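Only one structure is covered here, and it is reproduced in the block below.
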Amino acid sequence: MRIPKKNVAFCLSLFSPKFPAPFSSRILRFSTGFPAKIRPIHTAGFNQSNSHYSKDDSAGTILGDKASQSHLMANSNGVEGLHVWSSPEGGCKIDIGKQIFCNRSLNMKNILAVGFDMDYTLAQYKPETFESLAYEGTIRKLVYDLGYPPELLEWTFDPKYMVRGLVLDKKRGNILKMDRHKYVKVAYHGFRELSKEDKVGTYGNTLIRDSFDEPDYALIDTLFSLAEAYLFAQLVDYKDNNPGKVPEGADYSHMYKDVRAAVDLCHRDGTLKQMVAKDPKRYINEDTSIVPMFKMLRASGRSTFLVTNSLWDYTNIVMNFLCASHTLDGSLSCNFDWLQYFDVVVTGSAKPGFFHEENRANIFEVEPESGMLLNTDNGTPMPQVGSTSPEVLLKGLNKSCRVFQGGNVAHLHKLLSIESSSQVLYVGDHIYGDILRSKKVLGWRTMLVVPELEREVKLLWELRDMRKQLRLLRDERDLVEDQIHHLKWSLKFESFRDDEKQKMISALGELESQRDQARLAHQQAQRECHQKFHKIWGQLMKTGYQNSRFAHQVERFACLYTSQVSNLSLYSPDKYYRPSEDFMPHEFHILPL
C-alpha cells in the first residue's frame, strides 16, 4: 500500500502555511471514525457528567472572571452562559471548561457531608501576583539568610513556564515530564533541553528504573510549587555558568534544599499571608458562584465542612473575601457571616497527617471573636478550669458552626456524626496532601480541582480535527512500515527472478522514502500540536500518546475532577456521576460508530 502524498501535505498544512494542501477538500472525509480513547475522561467528548454541552469559540469563560449579581456567567459579548443549578434558569447546557469529569461512579444521594480545602481550592490564587510574591520572597531569603549573591534579586519569574506533574531530579539538576509508566519523554537541564541520547542514557535503563520519588526527586504536584521549580531551574543554569558564585559546596541537590528552606522561611515569618491579608483582591480570584454553591448544598440537607492547614486569622480573612462580605463603601468587611455556610471548620489541620486516625494531635476549639483556643474533650466542650468568663464557652455551644484547630479525622467524623467514610465527598487541589491520603487511607470520595483543565479541554475541542488527522497520519505510517517489513521478509526468505527482485527492491526504496516523509510530517505536526498546549511541556494530561504521570494520579485517586470548585453549583446536588465506558486497546479498534 502506498501512502497518499496528499494526506501528508494536508496534515502538514494544518500546522504551517509552508505546506499547501491542494487536495484537502477530498481528505476531510477521513477525519471521522477515530473515536477518542476514554482515559483521561475529559478527552472523550466532554459530556460524561452532563448530557448537554455547549461550545462557542467566541464565548470561552476565563477562570476568575466576575459573575453578575444574579450569579450568571457571561462571555465577552454579554451573552448569558452558566447558571447555578438551583436557580430557575439552572439545568442548562454546561460549557466544556466547567464540566465535572468522572473516573468512578458517585451517587451524590449517598453523600451526607461535603468538605473543602481552602488554599487553591476555594481560594484560587492569581499566578501573576501570588506566585510572583512567593518567588520574590524566596529570592530574598536565599540572598539575605542563606548567602546567595545579591544579583539574584534582579531575577524575574515567568508564571507560565512550569506546569504541574513535572519531576525535579535534585542530583542532576534536571526537570522531567514522564508518562504513566514513568518513561521520561521530555527532559531539561535547567532551561536547556537534553538531547535524546542524554535522556535515554540517563533515564532509559528499564532494569534500574528509578521510582522518581523522594529523596532524590521532588514532585511538582501543586500550583504553589511552580515558583520554586522555576527558581531551581534558574539556579541550575546560574551554577553551570558561574560555578564560583554559588555558596561553597552547593551542588544541585543542596541548592534545591536551600530553595525549600527559603520557602519555609517565607511561611514561618508570615510574609506571604500578611501581603494577601492586606489586599486579597490583588492575589485571589473572585468567584461569586461559591456562596450559591454552599447554599444549594446545605439546602439539600448535607453537612459542609472546611479543613485547611491555614490558621484561623488567615482563614477568616480569605473566607470573608470569597463570601463577599463588603461594607457600603465597597471595602472588605471582616466578620463571621461566612460561618453560616459550614457545620465544622478545622484550621491548622496539618494535612496530610490529619487523615490518619492514629494521629494523636489535640483538638482545640477556636473562639472566633478573640481567636482564643479552648480545651476540648475530643471535640466536646469542657469546662475551662478557673474560667471567669463562662459566656465565652456558651457562645461556642450556641453557634451553628464550630471552629477548631488541629485534631484528626476521627474528631471530624464524630463532630459530623459520620458513620461511614464513603458518605464524605472531599474537594481539594493537592493530589497527595488532599486526594491520595483521603482516598487511600480513609475511603472518602474525592474531587480534584485542576484549574489548568479549563483551558486544556477547550483546546482539545478546538483542535479535534487536527488531532484526528494526526491519528490518521500515524495509522498510515504504520501501514507503510508493515509493507516495508513484508517486502524485506520476502526478499530474505523467498526466491525471485532477477527482474522481479529488482522491482521489489525499487518498490522497497519508494516505500522507505514515503515512510520517512510520513514520519517527518507526523513528528512536525505532533510537535506543533504539542506546543499549542504549552511551548515546552505540551498537554497537562498527556505525554505523547500516553497519559502523563499527573493524569495517571488523577485517574487513580480522584473520583471526580474539574477546573474549579464552584462547578459543583452547575449540577444537581443529587446527581449520579457515571464514568464513560472504559476500553481495552483491542476494543478501541472495533468501537461502534
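Placement of Cβ uses the backbone N, Cα and C atoms for every residue, glycine included.
Automatic, uncurated: that is what TrEMBL annotation is.
Quantities reported herein were computed from a predicted structural model and do not represent experimental measurements.
What TrEMBL records for D117, D429 is Mg(2+) binding site. TrEMBL lists D117 with the feature active site, nucleophile. Sequence annotations record features per position, and here TrEMBL assigns GMP binding site to D119. Marked as active site, proton donor by TrEMBL: D119.
Between the alpha carbons (Cα) of D429 (Mg(2+) binding site) and D119 (GMP binding site) lies a span of roughly 8 Å. Every protein chain shown contributes to the tally, and the Cβ of D119 (GMP binding site) ends up with 24 other Cβ atoms within 10 Å. The Cβ of D117 (Mg(2+) binding site) has 26 other Cβ atoms within 10 Å, all protein chains considered.
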